[in-house]
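According to Swiss-Prot:
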- C50: active site, nucleophile (ACT_SITE)
- T49, C50, N51, R52, S109, E114, G115, Q116, Q120: substrate binding site (BINDING)
- G189, A190, G191, S192, M193, A194: NADP(+) binding site (BINDING)
- H99: site 'Important for activity' (SITE)
Amino acid sequence: MSVLVVGISHKSAPVALLEQLALDGPGLHKLIDDVAASEHVTEATVIATCNRLEIYAEVDRFHGSVEEVSRLVVDRAGERTEAMLPHLYVHYDDGAVSHLFQVVAGLDSMAVGEGQILGQTRAALNAGQEIGTVGPALNVLFQQALRVGKRARAETGIDRAAPSLVSAALDRSRATVGELSGKRVLVVGAGSMAGLATSTVAARGTASVTVVNRTSGNADRLAEEYGARSATLAELAAELAVADVVISCTGATGTLITRDMVAAATVDGRELSILDLALPHDVDPTVADLPGVSLVGLTDLADELRDSDAGQEVEAVRQIVTQEVAAFLSARRQASVTPTVVALRSMATSVVEAEMERLTSRVPGLDDDIRAEVLHTVRRVADKLLHQPTVRVRELANETGAVSYAAALAELFALDQEAVDAVTRPEGLT
């Protein structure tokens, strides 16, 4: 079994195509279920964010599983296969581990080093566990990836060195409304991105911050945390009319802020800066044509964030990821031989027990003390004979290459494959 990643992100596809792949909760669960139901897949989950969709699966073969999983992504986008495939990327086995660690460490994010990916990865793990499609392999992999992501941020300044998506968008808004100090800001949404937006603008001396969300309870909680006020979605048009800056980042699947709403809000000729950080977009793109209105979307920010240089911090995180990948793969290779080693020692124990029974039947009057000494001696002989091969096979398992030393050991000692498979695979790799 090996891990397969099939994905698409801001690095491989335009935002317009990513919008077609946006998933709500039920849609995400259905995709995970569909992947898990594929013929060659035994475990599955999906990382879905505003700028990436990545399917992680434990598979029993490469080519068949790639075709199956890629087809699910193509079908989700509603695109022709030939139009979609060039934007997909595939990572397998060791490469899949390396890719996930880079993603969770923030190296692959649109805003390098951003911390939201940690929560999004945890959400992917939780979703798979809730549905029942995440088993030991993906659980171990994702748990370790989360530890790597936390280590990267604890030991470096990667999350502070690079600008966040919100900060970059606010910097772009200066051309229209100037500094945020004294401005009225409207945040639409109450998820993790909205939380980041609210905390960021609240720290910049704004005159007021208002949080609007479809679910009033979520808006109330977010507003209370940052000293803002909350409003309902029914009040959106009225709130637009008094805002200087709008940051929209909901999970809605349709246009939330229409051209007519913005036109009505700016009828007096005032300037309005709108930052649309949602995928699919919350704001009608044509509002950018209205007088005094500026619109900044994810497409506008992509190149700017890609070119930002976190310098030494990025390099430090890369080194951490390299170390962690090597350690994880080493532990995984050693764990892969454990069932064979356990089965071999179990076979040796069975042989010793059978021979002792044979000795007892042939020498019925054997003294108990002598019998115990013989048993002890035979066990020591068996242990010494097996010690070097089992230690060496663990050492050799650390070496990369195509040779399967566990398979060779099983073949040499004629181990029953069912006995090997019956050994529980360790789940505590660190």
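Every residue number used here counts from 1 along the chain in the order it is shown.
For all residues, glycine too, the Cβ spot is worked out from N, Cα and C.
In sequence order, I47, A48, T49, S192 make up the list of same-chain residues 6 or more apart from Q120 (substrate binding site) whose Cβ falls under 8 Å from its Cβ. Cα separation, A190 (NADP(+) binding site) to C50 (active site, nucleophile), rounded: 15 Å. When the alpha carbons of M193 (NADP(+) binding site) and the residue listed as 'active site, nucleophile' are compared, the span between them is 10 angstrom.
Look at the recorded positions C50, A190, M193, A194 and count other Cβ atoms within 10 Å of each Cβ; C50 has the fewest. Shown in sequence order, M110, A111, I117, L165 are the same-chain residues outside T49, C50, N51, R52, S109, E114, G115, Q116, Q120 whose Cβ sits within 8 Å of the Cβ centre of the substrate site. Note on proximity: of the recorded positions C50, N51, G115, the one nearest G189 (NADP(+) binding site) is C50, by Cα distance.
Summary for the binding-site residues G115, G189, G191: the Cβ-based neighbour count within 10 Å is maximal at G189.
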